[in-house]
Amino acid sequence: MGATSNSVKVDVKTTPRVRQNMVYLLVKQLRPHQWTKNLLVFAALLFSLHKVSPDVIGKSVLAFLLFCFVSGCVYILNDFVDIKNDRNHPEKQFRPMASGALPPALALAFGAFLLLGSLFSAYYFDRLFALVLLVYFVLNVAYSMKLKHVVILDVMIISAGFVLRAIGGSLMIQTPFTPWFLLCTMLLALFLAISKRRHELILLQQDKGTHRKVLDSYSSELLNQLNTIVTTMTIISYSLFTFTSGRTIHLMWTIPLVIFGIFRYLYLITVAGQGGSPEKVLLQDKPILITVFLYVVMVAGIIYVFEFK
């Protein structure tokens, strides 16, 4: 009897810990460290400082959060689909579902609830933004289910996701986006996606096809050539954007920062062996962090000085 009583007491005391652990795992499953990708929704706000107001800032923050939640739902679905492959991956085997710590059924139920809540919230504030958010989710589901196995198209789908983020941020604050800006976004995202494939190819080596089938269709030579083409196009496109965007031509002073940022990332993926996780590079590499900070300050300062009236 005494043993039973002690057993009951232990269960009661550990229950809150179990619940807290599950909450932690659910949040971890949303991959908050990758939410830096969604900071792109603030680009429209950065280039529209002359229209800034508390309401506009609030809408931009909301757009960022909704993209974070929906992208988190995508990660849940993607990890569920890839759970077997992730268990054989040197890094991804520690993810909540792959490690067995988080029940897949609970993760999927949580993701469905979060997705519906996010879409309804987006629809309440702006229907077009809600449509972009829905297209973003559907596109990523198609990627997780099939398109990630199609060579070349896989990195283009990733790039399209970034373009949708930029469009969504513009729609939420009702700021027009220029074709040059969207082209720069697409090319820069392509550069990051190709660099990630290159990192995976080198990291996994002989086991590359086991983890990601599409890697069997890539080679280091091909990915290096694609990166050369894309980086060249990115620098040219951004340079043209600064001159033809309809904004002040003084944005051209930010071109050296963009070139340095791209060259620094190329150095990290080719010499330092990084690039598998762009968000980690963005948060951990000091030269890139400083470059991004200076870029934001320069753009804000140029627009404030030459466009505020």
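Just so you know, glycine gets a Cβ as well, placed from its N, Cα and C.
Residues or ranges marked as transmembrane segment by TrEMBL: 56-77 (among others).
Sequence-distant contacts of the transmembrane segment (98-116) (same chain, six or more residues past either end, CB-CB distance under 8 Å): 22, 25-26, 29, 69-70, 72-73, 76-77, 79-80, 83, 86-87, 89, 92, 137. Residues annotated as transmembrane segment in TrEMBL: 98-116 (among others).
Under the heading transmembrane segment, TrEMBL lists 122-143 (among others).
According to TrEMBL, the transmembrane segment annotation covers 150-171 (among others).
Tertiary proximity for the transmembrane segment (177-194) is limited to same-chain residues at least six positions away from its ends with a CB under 8 Å from its CB atoms, namely 40, 43-44, 47, 154-156, 158-163, 166-167, 170, 223, 226-227, 230-231, 233-234, 237-238, 240-241, 244-246, 262, 265, 278. Sequence annotations record features per position, and here TrEMBL assigns transmembrane segment to 177-194 (among others).
If you look up TrEMBL, you'll see 249-267 (among others) marked as transmembrane segment.
Positions annotated as transmembrane segment by TrEMBL: 288-306 (among others). Within the same chain, residues 46-47, 49-50, 247-248, 250-251, 253-254, 257-258, 260-261, 264-265, 281-282 sit at least 6 positions outside the transmembrane segment (288-306) and bring their C-beta atoms closer than 8 Å to a C-beta of that stretch.
Comparison of 56-77, 150-171, 249-267 by number of C-beta pairs under 8 angstroms to the transmembrane segment (122-143) places 150-171 first.
Contacts between the transmembrane segment (150-171) and the transmembrane segment (56-77): present, as 3 or more C-beta pairs lie under 8 angstroms, all at sequence separation of six or more.
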